[in-house]
Amino acid sequence: MEKILRKAINPLRILINDSRFTGIMLIMCTLLSMFLANTTGLAAHYKNLWNDEWLSASAFADLVPENFLSFINNFLMAFFFLMAGMEIKRELISGELSSFKKAILPFGAAVGGMMVPALIFVAFNIHTSYINGWGIPTATDIAFSIGIASLLGKRVPVGLKILLMALAIIDDLGAILVIALFYGGHINWLFLGAGALIYGGLFACNYFKLKFGWTQILLSLALWFAIYNSGVEASITGVLVAFATPVNTLPQIEKAIHKYVNFLILPLFALANTAILLPDHIISSLGTTVGLGIIFGLVIGKPLGIFLFSRILVGLKIASLPNNVKWKQVFGMGALAGIGFTMSIFTTMLAFKQEAFQDIAKVAILISVVLSLAFSLIYFVVISLNMNLEHEAEHAKELKEEKEGKYELNLG
């Protein structure tokens, strides 16, 4: 009986740990959320679920998230950023970002993949009230991009998957910096100073080699409270905590939270942030400068920026491509990086306060996800077929030359 149960459970565990499943869940939650937000009789109740204030008459109303949406984006998403921070720290210490030689190609590609989409968005919106949204098309969604790369199997070489992972991690770090530096509110220096002292306490725990436990958990919660009230984006507390946590403790924390992040927090984020009331003239709204800036930035700017900056670094012999990776595959990797769901929507909520602007931007992001996803799948299937045909042609040519060589030898 135990063997039967193990056989039944193991595939489920593999499925749960698979980033493809996370991506599928996010898509399903998004579709469900958009359906509920546009269904007569349900739409108002569904929107109120996320937006109704909890403590409007309380003295503490300004000190904590005011509704479920704010609680998800400011508090729960800190756990997502904690996981991102742990991944960044691990790669910086012993992974693909641990040396200049390893890090320079994904770093340069990530910079190009952020700069070009941002410039495209600015070009569309330089004289409009949408200009604050320039950070929206700069993001890459790790779960989606790595999930699709896994789905494509051997069509995406191992070296390219590692490069994409490193690029996405640096991109995440870049997005976190953009959020912290450009999308914070008015700074309350008293709370920020308190946060700095609490953060020092976390490092002190690390320095004195205190075993990770309630002391660090309470300090982390206090740090979040201080940062939330300082005007700096509170969710980046997760990254700060990750950087202050001993490396040998990271696997233990990741094991404890990763399923909650992937299968509770991210689906809640998708449900809450894609409750979009589709405008009657959706096509014309996407034709606005903000919609075009996001779509062109993610679908065209991402692959173009990643490809061009990689070409420059390799051309200058500062970096080199991974083994068995071709330039045509690097462009396809750039298209995968154009899937910017989670971080792009997160940045949208910070960049625009008007709900109408948010909805247009979110629809543009969803359109970009579909376009980048479709292009990536078709592109890798086509170039894989072409490369197989080229390989077969080369093999046939070698066989022909070998036969001709033997024939000439016999004649001699």
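Every residue gets a Cβ built from N, Cα and C, even glycine.
Here TrEMBL flags 21-44, 64-82, 103-124, 130-152, 164-183, 189-209, 221-245, 257-278, 290-310, 330-352, 364-385 as transmembrane segment.
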Dominant neighbour of the transmembrane segment (64-82) in 189-209, 221-245, 330-352, 364-385, by Cβ pairs under 8 Å: 221-245
Beyond the flanks of the transmembrane segment (257-278) by at least 6 residues, Cβ under 8 Å: 16, 22, 25-26, 29-30, 32-34, 36-38, 43, 46-47, 50, 68-69, 72-73, 76-77, 79-80, 82-83, 143, 341-342, 345-346, 349, 359, 362-363, 366
Among the ranges 21-44, 103-124, 130-152, 221-245, 290-310, the one whose Cβ pairs under 8 Å to the transmembrane segment (330-352) are most numerous: 130-152
Winner by Cβ pairs under 8 Å against the transmembrane segment (103-124), considering only 130-152, 164-183, 221-245, 290-310: 290-310
For the transmembrane segment (364-385), sequence-distant contacts whose Cβ falls under 8 Å of one of its Cβ atoms, 6 or more beyond its ends: 30, 136-137, 144, 148, 151-152, 155-156, 274, 286, 290-292, 294-295, 298-299, 302, 328-329, 331-332, 335-336, 338-341, 344-345, 348
